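> Dumping the structure here so I can ask a few things about it.
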Amino acid sequence: MPDILIKNTRIYYNNSLQPAEIVIEDGKVTKIGKDLRVSSSDMIIDAGGALTLPAGIDVHVHFREPGMTSKENWYTGSCAAAAGGITTVIDQPNTVPPTTNRRAFEQKLKLARGKSVVDFGINGGVTGNIEKLEELWKLGVTAFGEIFMAESTGELNINEETFEEALAEIKRLSSLATIHAEDEKMRLELEGLLKGDVSCNYHSKVRPNACEAVAVQKALELVSKLKVKAHLCHVSTLEAMGIIRKEKYLARKENKEPLFTCEVTPHHLFLSTRDWERLRSFGKMNPPLRGSHSIKALVNGINDGTIDMIASDHAPHLESEKDVDIRAAPSGVPGVETLMPLMLAAVRKNILPLSRMIMLTSWNPAKAFGLDRKSKGRLEVGFDADLIIVNPRELRPIKAEFLHSKAGWTPFEGMDGVFPEYTLSRGEVIWIEESINAKPGRGNFLEGRGKRSEEDEEDLEEDDKTQD
């Protein structure tokens, strides 16, 4: 692996942007300073005054492989990630077959190892397979879920009794539960009442704000009861934000860290119910598009720390699949390639400060999902050189024709983005000059906390011998 010197750049350090040079050796950041003296380097990158920032970590992607490769696969999805400045992803379990047992996990892992150009984790699915969770945890899944409290793509939703049993087992394993919080009972009732509704915003009506808020309340009550660590996926409403803010306040009032974290997606931050007319069935996702009051609450949440991270919920479907009646259209939109560009544009437009964006897209996801132990999430000496070089002044419209997902479209068409000039993963330049510069399969599998390393196994064997 080549050693790299990045010069003429600026980094965010001690609450301000400062000029710096960065030395990368063996995939790690080894020096950060000014006018660094290096005996030699295989590659010098002159950033031209652009920013060097930690690359993004997207904890919520659906790369669709195995089983749905017409929509996406590990190579196309990871190329989209690299082009957008994401160097680590966590894939969700609702593939075909779902990642709910050893065989399905090993099948997905083999495919990812052969194709991904970015580092990755794999979540374990939760249905009625409570007895399989320990095995999946020991195989190295990052977390469990997203656990669907309501119907969504892949049909992995579970009832309330199974939900509590699953959370109890996840607590026993000292793992993490990731939760898709929508109330299925309410959704079914409204679906029946709105049977004749053919309006383009039907989906927002059948999954209203209360549908999410009720489920978030139920989920957090169980989290508190069982003392299980949890993560709320794609929070989207004013009401849910109020519940989350209150629970976090109560925990910190007792000098405790909250048991849960939460994410928001770019499509819930930057799209609204006003976009239904433009997007129609292409705007269908779970949870659905929300109104302006909810968007304002989410923006406040990313700024005041209530929201912990940004995740794309990259859920691609082909144009031909989406261009049908709203009821028949599958839920989900592509987003892994546009997450960082949209957030960088938001910084440029003073929607949030750069310091918060870095926390939301790098450090907080790494910490919450145990990736900090894999040297992910920071631009610091000793950490993996997962970096992007960006010029924040270079706003340009997002256009589907230049994106890399198999989906072939984007709900953010024409919106401003700041795209990376370079993306580096473990010190390797994987995106440069508007092109992918990485071989399929270079991405590393980031084993979850339940996976025992060879060193751990050797230590256990030594302990057993000592006890004998």
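Keep in mind that glycine also has a Cβ here, set from the backbone N, Cα and C atoms.
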> Quick check on the annotation: TrEMBL has E146, H180 binding Zn(2+) 2, so which of H234, H267 does it put in that site too?
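Answer per TrEMBL: H234.
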> Out of D313, D323, D325, which does TrEMBL tie to the same Zn(2+) 1 site as H60, H62, E146?
D313
> Among H293, H317, which is the one TrEMBL gives for the substrate site where H62, F63, R64, N94 also bind?
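So the substrate site in TrEMBL includes H62, F63, R64, N94 plus, from the candidates H293, H317, H317.
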> Sort the recorded positions N94, H180, H234, D313, H317 by C-alpha distance from H60 (Zn(2+) 1 binding site) and give me just the closest.
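For H60 (Zn(2+) 1 binding site), the spatially nearest of the recorded positions is D313.
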> Fewest other CB within 10 angstroms, which one of the binding-site residues H62, H234?
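Relative to the other binding-site residues in H62, H234, H234 has the fewest Cβ atoms within 10 Å.
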> I'd like to know which of these binding-site residues, H60, R64, H180, H317, is least surrounded, judged by other CB atoms within 10 A.
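Each of the binding-site residues H60, R64, H180, H317 was scored; lowest Cβ tally within 10 Å is H180.
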> Would you list the other residues of this chain near Zn(2+) 1 - those whose C-beta lies within 8 angstroms of the C-beta centroid of H60, H62, E146, D313 - in sequence order?
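Near the Zn(2+) 1 site, the remaining chain residues are V61, Q92, H180, C233, H234, A311, S312, H314, A315.
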> Taking only C-alpha atoms and a 10 A limit, tell me which of H62, F63, R64, N94, H317 are near H234 (Zn(2+) 2 binding site). These are the binding-site residues.
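The binding-site residues close to H234 (Zn(2+) 2 binding site) (Cα within 10 Å) - there are none.
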> Neighbour count, 10 Å Cβ-Cβ cut-off, for D313 (active site): what number do you get?
29
> Looking at the binding-site residues listed here (H62, E146, H180), whose Cα lies nearest to that of H317 (substrate binding site)?
H62
> Including all protein chains shown, what's the count of other C-beta atoms within 10 A of the C-beta of E146 (Zn(2+) 1 binding site)?
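A 10 Å sphere around the Cβ of E146 (Zn(2+) 1 binding site) contains 27 other Cβ atoms.
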